[in-house]
Amino acid sequence: MAEKPQLVNNLPEDVETDECMNKYTHIYSPDLLSDQVAFITGGGSGIGFRIAEVLMRHGCDTVIASRNLEKISQAAKKLTSTTGRRCLPIAMDVRQPETILAAVDETLKTFGRVDILINNAAGNFLCPATSLSFNAFKTVMEIDTMGTFNTSKVIYDKWFKDHGGSIVNISATLGYRGQALQVHAGSAKAANDAMTRHLAVEWGPSGVRVNTVAPGPISGTEGYRRLGGSHAETAGAFHSIPLQRAGNKTEMAHAVLFLASRASSYVTGSVLVADGGAWLTSANDVERLLGIVSSRSAKL
């Protein structure tokens, strides 16, 4: 049974779990993305799942690509059942270009086009730099940064170069001021922000727009759980955020929808920060973050 959506203080509906909403209020025309196709990495859960749902509720068919075929196949069934649009699950590893080539070929064979690319696949965890292994740092860079470039390049070469399109990268604000315990993810996301600008310049003449959404703390996500969101909420840390709360997944999906659609037709090379103002005011509390890491280690 679907979880009851939350609608508080005019916030958009959302559910904490990786389930579709049983009610959705459109803020754009329901046919905004009519008959377009979106390719979404990491689309089987969290923000990626909600992005897929919201795009599909605006007339878009989707491809959700991830390493876990069983998980994304279940997600695809939910998305199609709720929205009535097609959703193709494809097993793919963003670190392996040959799997991306095969996935894009299957997408073009099935749908005949790709209009939107959402680079959402990512990996993150809290870890002091002194405890971070060489392999752990490398893995995050490979998934977040190399994965974004690999997927963007394949889709550009196979479709966007001749037909145009919109790329939206999912980033973070970690690198804006040097977030404690996040040298791996902060470095990867900073590289992605630079990549957004470079590709916007190079691919603009082909009719390709490249933009980024940088979320803050978003409830109902694996990142929220891994990065101490519940602990921060309990400790009252969100009071330092200008909007006094965490965001929800639908709010992030709406930011992506704006950048992916013709609503932002003259926007490229931009980073849209969707964090309630958190990075402007939140304390970079090293002791609190280290406390979260220590408490988790003690439970293992």
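Including glycine, each Cβ sits where the backbone N, Cα and C put it.
Per Swiss-Prot, NADP(+) binding site is recorded for 42-47, 67-71, Asp93, Lys189, 215-221. According to Swiss-Prot, the substrate binding site annotation covers Arg67, Arg95, Phe125, Ser133, Phe134, Asn135, Arg226, on the basis of similarity to another entry.
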Quiz prompt | Shortest C-alpha distance to Glu70 (NADP(+) binding site) - which of the binding-site residues Arg95, Phe125, Ser133, Phe134, Asn135 | solution = Arg95
Quiz item: Relative to the Cα of Phe134 (substrate binding site), which of the binding-site residues Gly42, Ser45, Arg67, Lys189, Pro217, Gly220 have a Cα no more than 10 Å away?
Solution: none
Quiz prompt | Closest of Arg95, Phe125, Ser133, Asn135 to Pro217 (NADP(+) binding site), Cα positions, binding-site residues only | solution = Phe125
Quiz item: At the level of the C-alpha atoms, what whole-angstrom distance separates Arg67 (NADP(+) binding site) and Phe125 (substrate binding site)?
Solution: 19
Quiz item: Given Gly42 (NADP(+) binding site) and Phe125 (substrate binding site), what distance in Å do their CA atoms have, once rounded to a whole number?
Solution: 16
Quiz item: Closest to Arg95 (substrate binding site): which of the binding-site residues Ser45, Lys189, Gly220, going by Cα position?
Solution: Lys189
Quiz item: When the Cα of Ser133 (substrate binding site) is compared with the Cα of each of the binding-site residues Ser45, Lys189, Gly220, which one is closest?
Solution: Lys189
Quiz item: At the level of the C-alpha atoms, what whole-angstrom distance separates Lys189 (NADP(+) binding site) and Phe125 (substrate binding site)?
Solution: 14
Practice problem: Check the binding-site residues Pro217, Gly220 for other C-beta atoms within 10 angstroms of each C-beta and report the one with the most. | Solution: Gly220
Exercise. Determine, to the nearest whole angstrom, how far the Cα atom of Asn135 (substrate binding site) is from the Cα atom of Ser45 (NADP(+) binding site).
Key: 25
Quiz item: Minimum Cβ neighbour count within 10 Å among the binding-site residues Phe125, Phe134: which residue?
Solution: Phe134
Quiz item: Where among the binding-site residues Arg67, Lys189 do you find the Cβ with the fewest other Cβ atoms within 10 Å?
Solution: Arg67
